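Student: The structure's right below; bear with me while I get my questions together.
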Amino acid sequence: MVPLGEGSDDPLLPDLPRGPLHAARARASFPWKELALFWEGPDMLRFKKNIFSALENDPLFAHPPGSLSLEKYRELNFLRCKRVFEYDFLRVEDLLGSPQRVLALIQCLGMYDWSLATKFFLHTLTFGSAIYSSGSERHFKYLPKIFSMEIFGCFALTEVSHGSNTKAMRTTAHYDPTTEEIIIHSPDFEAAKFWVGNMGKTATHAVVFAQLYTPGGQCHGLHPFVVQIRDPKTLLPMPGVMVGDIGKKLGQNGLDNGFAMFHKVRIPRQDLLNRSGDITPEGTYVTHVKDARQHFSESLGSLSSGRVAIAGMSVVNLKLAVSIALRFSATRRQFGPTDEEEAPVLEYPMQQWRLLPYLAAAYALDHFSKWLFLDLAELQQGLLGRDRSARQAELGREIHALASAGKPLASWTAQRGIQECREACGGHGYLAMNRLGDLRDDNDPNCTYEGDNNVLLQQTSNYLLGLLVRRDQGGARIESPLKTVDFLEAYPNILGHRFEGCSPEDCLNSSVPLAAYEWLVCYLLRESYQKLNQEKQSGSNDFEARNNCQVYCCRPLALAFLELTVVRRFHEHVHQPHVPPPLRAVLGRLSALYALWSLNQHTALLYRGGYFSGEQAGKMVENAILALCAQLKDDSVALVDVIAPPDFILDSPIGRADGELYKNLWSAVLQESKVLERASWWSEFSANKPVIGSLKSKL
């Protein structure tokens, strides 16, 4: 029996401190510790507990009073990253053998500080995994140096003038057979590698993507190379390398994003990461890849990893925000039925409607992101094992489509959710010490890097349109390894379905919005397909036709498909037979709330396409959302307890587990403001009043 609470010297899930939130926890319809065990599993709970305990008990991770200078923050972040390696939470063999631990470590570090998590992630996974998955045995010499931090890495793909359009990258790599060296060169500033995390101050090596040219001038497309950019002992740039920091950002300023330009930098031929293509000493290009599309897909396979990871990062930010806002809402009292009796703001339907759908989204998207991460690990195992099967290729296309829409959905949901949580906490939410502003700023780049969200959605809609074209032209069945598109085989029949709900109670199970979502995706797929053909028939070329289909057809198609996938996965997870009976009702409500709340954003399309008719259909969905919010209100604090990290990690006075809202806030304000201290600038201001007056007269 796993020791959950008291009765053990080191309980896996210790009891939470008593305080104003105790009464709210007592009203929950389920045992929160049992849900935590079901949601994470004992091994993962123990792993996360060890990480959190290590950070809390290490003085290096103590939260400094006040704000740090940019230089000091980055120095401290690097030292913390080094200490994480010393703790040995993650071993080399875990990178592929235990993907759950990889994801858990990144998310635990991110809950503490995304600057630290991103720095660690970029060095270990993005840089390290790129070498491991894109290289061969001759490159494995770098792996021990990565884990010992003998070298420190970054992933240099994006350039000043090109981000999403990776095929247009302009950094070149010319092979010189006389010296068996590859010459890395940046033709101008527009080709400078830019926005590269870790490159600004600390990286010694980079995986650099460049267009590979063999003797004779033939270009073989974008390839990755290991390039040393700094001396590991001095951190001074290597000859021919101009490298620096791009400056302060809106968030994550503990991470040093940088730029680099290369002036005919020579590297050994062996530092070409050669899993998909190589050069013989004489200068002949050799590859097992049959066509350029397959090569491009293999070369940039690590981008799917980044997009899946960013989806998970966004979910973590949403978890933290709803944890803070719901604990605050359960203890913050305003107004009431009488002047003497004020009610917690969570009792108001408006506050429930604002926050509880985002709590449901945090659970639904958390399950989806973990599921997709494990499927991605399966894909990578196949690539490393040189699996060339048709299933492996189809799995790669499906995961690419899911990751390309998963990142936008998760990052946008977190962006909206964090802002709603900030506003729902009123003025206290605007205090920097309560962390919602930092969460908002740190989440913001998730909408941009590893591909602009709106651009990425085109990859998903292209995948879906391609399935329909293959079906119409060759009669091929629509199916995929993860079965996310299998419902489209019934595409014509689904389009004939209509909403059949008779009362709000009919909507309280997520199977109802699931059916509506299947119709919606089929409808948008038909609209996109017809619009694309109309554009082509009117004389537009393929490029123009696809661009003209994006705004009202392909973009909503990609988002609706991904929302359907999240809804379906969550529905299946919470309705599986081995869900403990005490958890079934609350998980079912979370599933239904997320599904209906997401679907409700497409009400206009449901009416326009004829799936909804009459005003009662839309009202039923709205009434069901409000009913589910009311049902989940008393469970919300316990649901937060499952996903919230310890107080030290959450680091928000208004979000602490004891619920002592005003005591915690007052203590933090005293520490922050240093009461009784006069403003440091006042003496100088008083002594220079004539100068101020003189300045005013001149103005």
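Every residue, even glycine, has its Cβ placed from backbone N, Cα and C.
Please treat TrEMBL annotations as automatic predictions, because they have not gone through curation.
According to TrEMBL, the active site, proton acceptor annotation covers E450. Feature annotation from TrEMBL assigns FAD binding site to T158, G197. The domain 'Acyl-CoA oxidase/dehydrogenase middle' annotation in TrEMBL covers 154-263. Feature annotation from TrEMBL assigns domain 'Acyl-CoA oxidase C-alpha1' to 301-465. As annotated by TrEMBL, domain 'Acyl-CoA oxidase C-terminal' applies to 511-686.
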Student: Provide the three-state DSSP residue tally for the domain 'Acyl-CoA oxidase/dehydrogenase middle' (154-263): helix first, then strand, then coil.
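Tutor: Going through the domain 'Acyl-CoA oxidase/dehydrogenase middle' (154-263) residue by residue, I get 6 helix, 53 strand, 51 coil.
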Student: Taking every protein chain in this structure into account, which of the recorded positions T158, E450 has the most other Cβ atoms within 10 Å of its Cβ?
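Tutor: Result for the most crowded candidate: E450.
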Student: Tell me the Cβ contacts of G197 (FAD binding site) under 8 Å, same chain only and six or more apart in sequence, or just say none.
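Tutor: When sequence neighbours closer than 6 are ignored, G197 (FAD binding site) has T118, K119, L122, C154, F155, L255, D256, N257 within Cβ distance under 8 Å.
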Student: How many Å lie between the Cα of E450 (active site, proton acceptor) and the Cα of T158 (FAD binding site)?
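Tutor: Here the two Cα atoms lie 9 Å apart.
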Student: Mean pLDDT, the domain 'Acyl-CoA oxidase C-alpha1' (301-465)?
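Tutor: Average per-residue pLDDT within the domain 'Acyl-CoA oxidase C-alpha1' (301-465): 92.
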